[in-house]
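Participant: Pasting a structure here, questions to come.
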Amino acid sequence: MGRQKSLWRLAAGLCMAALVAGCAEREPRLPGERQSIRPADTADGETRSVGISLPSQRANASWTHVNGSPSHTITHPALSASPQQVWSVDIGTGSSKRTRLITTPVVADGRIFVMDAAGQITAVSRNGQLLWTINATPAGEDPIAGFGGGFAYANGRLFATTGFGQVLAINPASGAVVWRQQLDAPVRSAPVAANGVVIAVSRDDVAHALDQGDGRVEWIVPGAVGGAGLVGGSSPAVRGPLVVLPYSSGELVAALTRNGLQVWNNEVSGARRGLVRGLVGDISSDPVINFDTVYAANQAGQLVSINRRSGRTNWAITEGAMGPVWPVGGSIFFISDEAEFIRASAATGDRIFTTRMTEYFDSRKRNRAVTYFGPVLAGGRFWIAASDGVLRGFSPANGALNAQLPVPGGAATAPVVAGGLMFVVSADGQLIAFQ
């Protein structure tokens, strides 16, 4: 309710400003060239080829978390050089005006686990067969109200969070719910499962660590509360004994997974000048831990590199990111807040190349933006799924577009890759497999 009031105050303030401007006496137009206060969105991308050494492709059997692992990093999944769609299966309710399908699948033990926009969880086999389905909506609740949430897989158990504020432990073979824990606020982002606990950040900016065995609350870490957040929020990341917790204020807290003891805190607080969305400080790029470096970003225009041990900022650049970065070969790759596929130096943040993508469905009306998901490295390419119905492949060396695959209905999630298959969930509720 507090966030709704804040948003209403912001809207009222903007409307009042418009009314005052409308009532003011018209001023004479001054001579000279007009410069926009917003970042230009018509500049050509910078495409230059800089060599990169990629790790060898590996046939990973699982994809257990956001970006593949608890640290949100995975090396280089194997995939065909020319993948094609091999099957598609209906997983339930898709996106609509009332709800959003935003949950990225996970893959383990030969099963793909998916969640639709109405809280229905489904297991699918590698050949597209529906294995089981459960409804995670509590009795008496409107399924549409509980959209969002996500998955983590660890120790032979599937963990799910929901927009109803629940964390569930599920038997992956049967779909039976092992335990269920109710939190005080919705959880619309994926959890992380490591070191015997499953950790989720609820939308009231409280991190909860639950025992993987019985769901008992082990510890909580409240964070700074943001004024307004994004639809899904970001997932915590774990490497070794440390978890990095993202909050809607832009705060990052590193804590010990065993007891929640806080080790350091930092923040993602910068923004591009002249953007109304700069008022939303939520972290849009799930924290990624690559050895001793943490990467995170907001959608307003800042990406940071932080030392995992000390919490000190290595560097910060004026680039937002709309999903987790992908670190590889001394570079980081990400989708910017201005619909660009960017490669930057992992050591300094300096830009190496920029590939501009289509920002709007209709470049003239500019009233509906294309949403991009990824990037994911697989089969020697970076793959980016998009709401415009195209799955695109790009060169890691120079960002050149070199593959396109159709995604009927438009993508709703980033690609995931396991067992030589690439999976994308479409906005109309289809799980699509490419091989």
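Including glycine, each Cβ sits where the backbone N, Cα and C put it.
Reproduced below are the annotations present in TrEMBL:
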- 1-17: signal peptide (SIGNAL)
- 29-79: region 'Disordered' (REGION)
- 54-74: compositional bias 'Polar residues' (COMPBIAS)
- 118-354: domain 'Pyrrolo-quinoline quinone repeat' (DOMAIN)
- 375-434: domain 'Pyrrolo-quinoline quinone repeat' (DOMAIN)
Participant: Give residue numbers and ranges for long-range contacts of the compositional bias 'Polar residues' (54-74): same chain, 6 or more residues beyond its ends, CB-CB under 8 A.
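Facilitator: That would be 104-109, 150-154, 190, 192-194, 235, 237-239, 286-290, 324, 326-329, 376-380, 396, 416-420.
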Participant: Count up the helix, strand and coil residues in the domain 'Pyrrolo-quinoline quinone repeat' (375-434) according to DSSP, in that order.
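Facilitator: DSSP classes over the domain 'Pyrrolo-quinoline quinone repeat' (375-434) add up to 0 helix, 36 strand, 24 coil.
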Participant: So how many of the residues in the compositional bias 'Polar residues' (54-74) end up helix, strand or coil by DSSP?
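Facilitator: Split into helix, strand and coil, the compositional bias 'Polar residues' (54-74) gives 3 helix, 2 strand, 16 coil.
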Participant: I'm checking region-level scores; what's the whole-number mean pLDDT for the domain 'Pyrrolo-quinoline quinone repeat' (118-354)?
Facilitator: 93
